[in-house]
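Undergrad: I grabbed these lines from Swiss-Prot:
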CARBOHYD  134  O-linked glycosylation site
CARBOHYD  144  O-linked glycosylation site
CARBOHYD  155  O-linked glycosylation site
CARBOHYD  162  O-linked glycosylation site
MOD_RES   123  phosphothreonine
MOD_RES   162  phosphoserine
MOD_RES   178  phosphoserine
SIGNAL    1-21  signal peptide
């Protein structure tokens, strides 16, 4: 995939200048005359090739460029005189203070870090007797009664009153067998 991408980019890089030249001069093939490009001489600045090649931007920068300025010009410059004075002085006395680390320390009493629960280590006691739940295949299946509601429509014919259908719910128990194994 990456190789194909690099090949396509290289082909485009090689063909784009020719395509751009054809687009800028679309009817160059139609004319039989010579195309003379006239530059505005006031706008074109003459830059000798020697000065362009000697320019620092085109050279590899293997070391930092240090301008020759007086010592008071930059506070960040390396001064050999100061280093010589530091090397020639007597060594500093060994400090009685304990050297502090770079990171901040807790001010309180150190506490024990508890082991996380997901790193449960098995003990020797649990290896002898492994707990496997026993399932008896001969256990009878117990049916559990589940009450259900069914609506029964009773039509009562009363000669004294109008005929009205009465809905009365009636409960029945249906045995449901559970297949838990």
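Yeah, the Cβs are placed from backbone N, Cα and C, and that goes for glycine too.
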Undergrad: Looking only at Cβ atoms, how many others are within 10 Å of the one on residue 144 (O-linked glycosylation site)?
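TA: Total other Cβ atoms inside 10 Å, all chains included: 9.
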Undergrad: If H, G and I count as helix, E and B as strand, and all else as coil, what does DSSP give for residue 144 (O-linked glycosylation site)?
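TA: The residue in question, residue 144 (O-linked glycosylation site), is strand (DSSP, three-state).
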